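Q: According to TrEMBL, the record shows the following:
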REGION    24-81  region 'Disordered'
COMPBIAS  32-41  compositional bias 'Basic residues'
COMPBIAS  42-61  compositional bias 'Low complexity'
BINDING   THR133, ASP207, GLU232, LYS262, ASP266  substrate binding site
DOMAIN    267-428  domain 'S-adenosyl-L-homocysteine hydrolase NAD binding'
BINDING   GLY298, GLU299, VAL300, GLY301, LYS302, GLY303, GLU319, ASN422  NAD(+) binding site
Amino acid sequence: MEQWDGNEGTSAFHMPEWMIQFADQKQEFNKRPTKIGRRSLSRSISQSSTDSYSSAASYTDSSDDETSPRDKQQKNSKGSSDFCVKNIKQAEFGRREIEIAEQEMPALMALRKRAQGEKPLAGAKIVGCTHITAQTAVLMETLGALGAQCRWAACNIYSTLNEVAAALAESGFPVFAWKGESEDDFWWCIDRCVNVEGWQPNMILDDGGDLTHWIYKKYPNMFKKIKGIVEESVTGVHRLYQLSKAGKLCVPAMNVNDSVTKQKFDNLYCCRESILDGLKRTTDMMFGGKQVVVCGYGEVGKGCCAALKAMGSIVYVTEIDPICALQACMDGFRLVKLNEVIRQVDIVITCTGNKNVVTREHLDRMKNSCIVCNMGHSNTEIDVASLRTPELTWERVRSQVDHVIWPDGKRIVLLAEGRLLNLSCSTVPTFVLSITATTQALALIELYNAPEGRYKQDVYLLPKKMDEYVASLHLPTFDAHLTELTDEQAKYLGLNKNGPFKPNYYRKAIAA
């Protein structure tokens, strides 16, 4: 894997003039706005975002008819029909949600204001596949303000906010997504983003790798004009490294997932708050005294464990990595194997990024009314397919909540059919996503404007300077004041007074 080195001219990150001005006026970030199924086309290699066994309408608009958006003829107010959403008439409600999100995304809004004059993404044609939420909408509209053309699909069949998708479509963005897509719908939407006459992408923004996989499989010649890929999930990054190792990665790729700002903020702090929100909305349960096992003690696992412990739950942890395992022990959690506690726990949460973490054998041994859910990006962690057998009965309780009932009457509560709990069943903190979205935007700008030869066909980590820059942009929101090194102190530490303050390997030490 290529490393950033500020001392090498070909690989160094050069801060453009608008970014320097941007950094000098960070105090402006604290100013906030005042207004308030069909036959499958394909199968993903990891089946990370599809594998749907039951149709599920959006809980936000359950009164809508059941007609598939693919069968509707819709146009926005400008007469365009280059989109496919649940109901374009919901656009006004979605716009209000986007305006609320803008207030909690100060750095991204300032980036839009500062850089739109220079338009660093002029000529960029970005195809994206992410969760379509109000926060993503702010990112998309920022990319548009910076000069990019965008086409977008959803990376998860349950996480799309229909009203937000409608607002984006009304604003002229070709969006193809709705909550409760089938597997065939999922791939159809991605194909509609990519396969369009007279338009070819030159940048990819992916979350999970399904979009990249689809282009490699169906339209490999497109990579001749694609300048790079920006990927934010552990699942998608894993796929990129597999392609690189096999010599099949034909464009540079930015690994946003392992940036410090993503690991330490989105993964940790976002999940620390959203795990409770997702569980409470779906089950109305009380956490005090409940026994919970969290599979995986990376940043997502750490956030989940901290939140549940603070609510009075008894938390167990499973881990394969001895370093993460030791961290769990020293944080006061008991390290166990899943088999040791599976009969007694009330909640099972997976967040490993792996597959078959919870198997049918585990599911058979769970106690009555045990809640099972996943906080990882991929739906491969829980073996949901093994529950689709004649002897088991599925009973829909509410949207994203199913009882799976055994012949003896025992039942488990399965949330979101094993998909990502927080974005499928609740919402996530906007401010944290501002950090990730700003990182994604800067990564796109860097890859798109990089001179030929700076990046090879490999997977790159973001420069430490960019990580620190994104963090600094959000500090004024808290009225925080950084201490500055004196010349003597900087010389003693061997650092530049303006950073970076940590070496490249720092991210590896904390990105557990």
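Cβ coordinates come from backbone N, Cα and C, glycine included.
Automated prediction, rather than curation, is the source of TrEMBL annotations.
Model, not experiment: these values are computed from the prediction.
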Q: Looking only at C-alpha atoms, tell me how far GLY298 (NAD(+) binding site) is from ASP266 (substrate binding site), rounded to the nearest Å.
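A: A Cα-Cα distance of 12 Å.
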Q: Around VAL300 (NAD(+) binding site), which residues of its chain at least 6 apart sit with Cβ under 8 Å of its Cβ?
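A: When sequence neighbours closer than 6 are ignored, VAL300 (NAD(+) binding site) has ASN267, LEU268, CYS271, CYS351, MET375, GLY376 within Cβ distance under 8 Å.
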Q: Provide, as an integer number of angstrom, the distance between the C-alpha atoms of LYS302 (NAD(+) binding site) and ASP266 (substrate binding site).
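A: LYS302 (NAD(+) binding site) and ASP266 (substrate binding site) have their Cα atoms 12 Å apart.
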Q: In Å, rounded, how far does the Cα of THR133 (substrate binding site) sit from the Cα of ASN422 (NAD(+) binding site)?
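A: Answer for this pair: 12 Å between alpha carbons.
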Q: What binding-site residues in the list GLU299, GLY301, GLU319, ASN422 lie within 10 angstroms of ASP266 (substrate binding site), counting C-alpha atoms?
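A: Close binding-site residues: GLU299.
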Q: Can you tell me the mean pLDDT for the domain 'S-adenosyl-L-homocysteine hydrolase NAD binding' (267-428)?
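A: Reported value for the domain 'S-adenosyl-L-homocysteine hydrolase NAD binding' (267-428) is a mean pLDDT of 95.
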Q: Using a 10 Å cut-off on Cβ-Cβ distances across all protein chains shown, tell me which of the binding-site residues (GLY298, GLY301, GLY303) has the largest neighbour count.
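A: In terms of Cβ crowding, the pick is GLY301.
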Q: By the count of other Cβ atoms within 10 Å, pick out the sparsest of the binding-site residues THR133, ASN422.
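A: Fewest other Cβ atoms within 10 Å, among the binding-site residues THR133, ASN422, is found for THR133.
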Q: Just jot down the residues in the same chain as GLU319 (NAD(+) binding site), at least 6 apart in sequence, with C-beta under 8 A of its C-beta; none if empty.
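A: Expected: GLY296, TYR297, ALA325, ALA328, LEU335.
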Q: Can you give the largest Cα to Cα distance in Å, as a whole number, for the residues THR133, ASP207, GLU232, LYS262, ASP266 that bind substrate in the record?
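A: So the binding residues stretch over 18 Å, Cα to Cα.
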Q: Fill in the CA-CA distance, GLU299 (NAD(+) binding site) to LYS262 (substrate binding site), as an integer in Å.
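A: GLU299 (NAD(+) binding site) to LYS262 (substrate binding site), Cα-Cα distance: 10 Å.
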Q: Restricting to the same chain and to sequence separations of six or more, state which residues have a Cβ under 8 Å from that of LYS262 (substrate binding site).
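A: Counting only residues 6 or more apart in sequence, the Cβ neighbours of LYS262 (substrate binding site) under 8 Å are GLU232, VAL256, ILE435, THR436, THR439.
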Q: Please list, in sequence order, the residues in the chain of ASP207 (substrate binding site) that are at least six apart in sequence and whose C-beta is under 8 Å away from its C-beta.
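A: Result: CYS129, THR130, HIS131, CYS155, GLU231, GLU232, SER233, GLY236, HIS377.
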Q: Over all shown protein chains, what is the count of other CB atoms within 10 A of the CB belonging to GLU232 (substrate binding site)?
A: 26
Q: I'd like the number of other C-beta atoms within 10 A of the C-beta of GLU299 (NAD(+) binding site), please.
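A: By my count, 25.
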